[in-house]
Amino acid sequence: MQRALATHPLQCFSTPQFSPKHHYFHSLPRNKQYPLTLSTSFSLSRELLKVSDSNKQQPQDVNSEIGDDEDELLQEKDFAVDDGVDLGWLPAFPHVLTASMSNFLFGYHIGVMNGPIVSIAKELGFEGNSFLEGLVVSIFIGGSFIGSIACGSVVDKLGCRRTIQIDTVPLILGAIVSAQAQSIEEMLLGRFLVGLGIGVNTVLVPVYISEVAPTKYRGSLGTLCQIGTCIGIIASLCLAIPSENDPHWWRTMLYIASVPGFILALGMQFCVESPRWLCKAGRLNEAKNVIENLWGSSEVDKAIKEFASVIKSDGGDLDSSWLELLEEPHSRVATIGGALFVLQQFAGINGVLYFSSLTFKDVGISSSALASLYVGLTNFAGALCALYLMDKQGRQRLLIGSYAGMALSMFLIVYAISFPMDGEISNNLSILGTILYIFTFAVGAGPVTGLIIPELSSSRTRGKIMGFSFCVHWVFNFLVGLFFLELVEKFGVAPVYGSFGAVSLLAAAFAYFFIVETKGRSLEEIEMSLNPKFQGKRSSE
């Protein structure tokens, strides 16, 4: 289970074209709040925004209706706010909370195998077979990898809301198949189906939240993904307590896992679709209604103008190609997204979570479930801090501080192991380092990584870039989990943890040089600032 727990999110990366002196991401000053650069004072005429009653016009009609006013969009204007009451994050919260139920399921399925795996192995006839026990856990990652690949194309065609609903099918079916399994083959099939659904949702939910959340609160609402995962882990660990006395309790736990899937499918029926996807689909009236209800009536004209300008520049069809990730600016964002997940995994989150139960045993906490619960609570506390800090301190600062704290934690554990001192002091330092590492990960490296990738991605390729990034995540998640114990046995804990600390410092440097601050900027503003087409237009003015 500890290996499964390590799937929670979230190599040295350096290429010539990404030199800090040359890439255009770096051309923007760091740690600076960028003023709004899009026109916000022009009202769209009713004639230009008129759509047919059927709402079935093609996406390219958006461009013809809006007109050629990109010059106006790139001028700074005063923005007149109406007298309506600003409800802030509240209107979007129910929609975000419902979507975050997917992350609760993610966390639940991470933790559900922790206690019962021994009972499952005994009842299904593979007790003592470490390979099959590991396969029951790791096939979940294989399914997640495939789900992440498939997600990008499906969401382009169907939109976020409908895709989330469809994705509940493998989540519900997989839980039920696992719960009633009478053989190892049925258990593996159920776990694979669950992984398939989780792979889709880990990509899709951050995209959905980033596109429906108000700009000012996008970071805080995006942190609900991490909080949902933490609550799911804690819930599964608490529900696993009866399994110590009831060898068949694991079936009940897996049946319970199907319930949130039904709730999610029903709840998303009452949630809004992404206004950006609606605009691309030519459903302008629906997009305007969503914006008015979630962001306020004063944001409608401004947002539609921004959406239309981006669609006109980047293409308005609903089916982007994977080959587009090889083109600028998509290739840079995809590479940065993949690199962030590689660094996240090589910074050691898998290994620390895997080894944490043994660390807790050294101080007398012999129950692996109890040790995992402490880890889950620490993770939850860090996620709550991230919720508060994300839109105050910004993504880049949190990411740098998080990795710096993780490095310090690793070096503290290395010091406790490498230098002779009283046994109790050494154990306490190890516990402190482990708790500090998990906490600092949950404050930045965990939630920011999944949030900033869709923020940097273009509207056209956001789903596919997230899919690619999470595929990288699952691959390196699996590899680190697979080889961690072998590395510890061959080199010892101190050298391995020391390398985790070194990678954490590298990740902090990477965030400093390559991550653009996105706090307080709309997704369209970010895309325009990174798109060479808009940059070229600015330079020619």
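Here the Cβ of each residue, glycine as well, is placed from N, Cα and C on the backbone.
Nobody curates TrEMBL annotations by hand; they come from automatic prediction.
Residues or ranges marked as domain 'Major facilitator superfamily (MFS) profile' in TrEMBL: 95-519.
The list of residues near the transmembrane segment (188-209) in space but at least 6 beyond its ends in sequence, with Cβ under 8 angstroms from a Cβ of it, reads 9, 96, 99-100, 102-103, 105-106, 109, 135-137, 139-152, 154-155, 160-161, 163-164, 167-171, 173-179, 181, 218, 221-222, 224-225, 254, 257, 261, 274, 450-451, 453-454, 462-463, 466-467, 470, 474. Taken from TrEMBL, the feature transmembrane segment applies to 188-209 (among others).
Away from its own ends, the transmembrane segment (221-242) comes close to residues 5, 8-9, 89, 92-93, 96-97, 100-112, 114-116, 205-206, 209-210, 213, 249, 253, 256, 369, 372-373, 376-377, 379-380, 383-384, 386-387, 390, 442, 446-447, 450-451 of its chain (Cβ-Cβ under 8 Å, at least six residues beyond either end). Here TrEMBL flags 221-242 (among others) as transmembrane segment.
Summarising the annotation, TrEMBL assigns transmembrane segment to 254-272 (among others). Within its own chain, the transmembrane segment (254-272) is flanked in space by residues 94-95, 98-99, 101-102, 104-105, 108-109, 112, 161, 164-165, 168, 171-172, 175-176, 178-179, 190, 194, 197, 212, 239, 290, 293-294, which lie at least six positions past its ends and keep a Cβ under 8 Å from the stretch.
As annotated by TrEMBL, transmembrane segment applies to 368-389 (among others).
According to TrEMBL, the feature transmembrane segment maps to 398-417 (among others).
If you look up TrEMBL, you'll see 429-453 (among others) marked as transmembrane segment.
Residues or ranges marked as transmembrane segment by TrEMBL: 465-485 (among others).
Taken from TrEMBL, the feature transmembrane segment covers 497-516 (among others).
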For the transmembrane segment (465-485): best-contacting stretch of 368-389, 398-417, 429-453, by Cβ pairs under 8 Å: 429-453
Folded-back contacts onto the transmembrane segment (429-453), same chain, C-beta under 8 angstroms, at least six residues removed: 8-10, 202, 206, 210, 218-219, 222-223, 225-226, 230, 333, 336-337, 340-341, 344, 347-349, 352-353, 356, 359-360, 362-363, 374-375, 378-383, 385-386, 389-390, 395, 398-403, 405-406, 408-410, 412-413, 415-417, 465-466, 469, 507, 515, 518
Tertiary contacts of the transmembrane segment (398-417), as residues 6+ beyond its ends and Cβ separation under 8 Å: 347-348, 386, 389-390, 425-427, 429-430, 432-434, 436-437, 439-441, 443-445, 448-449, 452, 493-494, 497-498, 500-502, 504-505, 507-508, 511-512, 515
